[in-house]
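Enquirer: Sharing a structure below in structure tokens format, with a few things to ask.
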């Protein structure tokens, strides 16, 4: 009888090892070393200084799987301090790794920092970019794609290929000159061009009859773009981690900081077709083109470019309302997206945020509820951790527009872990706005023209609004979101338009629980960089 028992133990042992290896296969550690340098590239027909990562412009593409752990050693060879932020990665319980000046000391020149974070419970198309100064205007940005785990189904057939397209406005002017313009109290001029993957001409090749995924992200500084492919419709399948109702579109508006994922079937006669990204809501229209090349094509691109939408803000707002959650599909986790009934939760509080442009001491500044944010030498997260007073103010920015002259402050809005917020972005300016929140995604429940009022809640989509990390706010209009504050930390709420962010249109949400617990937040990293008033402190 002994031998069968041994075999059974052996089988159980093998199964146990197999189970552990399967778990480890799904949650591996991925190691990267990235070196940030200056380099020269000819972008819009003339050589200019750009920021390279591992000699690449744009930077390397990060392809990871849900729950992968990313260990990324970033070496700064620039002449200025530098940080990368991971746009849309929630950094669960881990705002220590968010890579913005309110959470991290910038990496000094000729130094390094190792980011350690997990793509926890997320799928979708995301990006990374420099959060320091105006470095983003010179490059250093790239794609971060999070693929689903093999055990989690997706609501579409696996595509035959996968293309990443980083679209954005671009300046010939150096990032230091652009910063000097802003520091002098002036707005940036109109961009010089639009790029697709850092180029004005590029080609994507596919086979006739097959279906390809296009991951499209607006990595520009300030300009909304419209994206379209000549002769082909696009099936929208995912928006910033949300699986959506799969509507077909001829063109899509993609605002600054946003990402969309579409499926395109190559079902046309074999030839080459234009791919177009052009500026929206601008008097002068800038256009970038690429080529969709059928592998059996013998015919070059031809004919007029596919036309942009004839209508502007109202058309764009109507399109935004068609983006709906796929309630029966899961995202990164097994449970359906619709199993969380966000519309039945009573908000803990309502916050109305009004952006504004004004002059403070004769210089242009942008403000939120009358407060224009200023960075300080000590990251707010570290000042909070070490209980250092006087670094930031928790009573400067209020939850309603102030109606008084703008002032400057290092503004933090206090909230509690597990609050459920209604946030209204009120845009009384003639400029398009794009708002982003680190650490979260949120339900975009309403768009409307004019002034928001409580009765506008009757227009909210409380059933199948999608979640995303960046929302547009149209001129002289409002956008309403709901957000469940389930991620403790210090989180940046900012304009995704980099001029506005740089000149003060941002603040931090302190999502707080008085009990320090690893269940709510990870410990301070052992390799944390210290600067400002925390120099010499020990984690």
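Keep in mind that glycine also has a Cβ here, set from the backbone N, Cα and C atoms.
From TrEMBL, here are the annotated features:
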- 36-149: domain 'Plastocyanin-like' (DOMAIN)
- 162-297: domain 'Plastocyanin-like' (DOMAIN)
- 377-514: domain 'Plastocyanin-like' (DOMAIN)
- 1-25: signal peptide (SIGNAL)
Enquirer: Over the span of the domain 'Plastocyanin-like' (377-514), count residues by DSSP class, listing helix, strand and coil in order.
Expert: 17 helix, 60 strand, 61 coil
Enquirer: Run through the domain 'Plastocyanin-like' (36-149) and tell me, per DSSP, how many residues are helix, strand and coil.
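Expert: Computed counts for the domain 'Plastocyanin-like' (36-149) are 7 helix, 55 strand, 52 coil.
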Enquirer: Just to confirm my parser: what is the rounded mean pLDDT across the domain 'Plastocyanin-like' (377-514)?
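Expert: Within the domain 'Plastocyanin-like' (377-514), the model's average pLDDT equals 97.
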Enquirer: Using DSSP, what's the helix, strand and coil tally for the domain 'Plastocyanin-like' (162-297)?
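Expert: Helix, strand and coil residues of the domain 'Plastocyanin-like' (162-297) number 9 helix, 70 strand, 57 coil.
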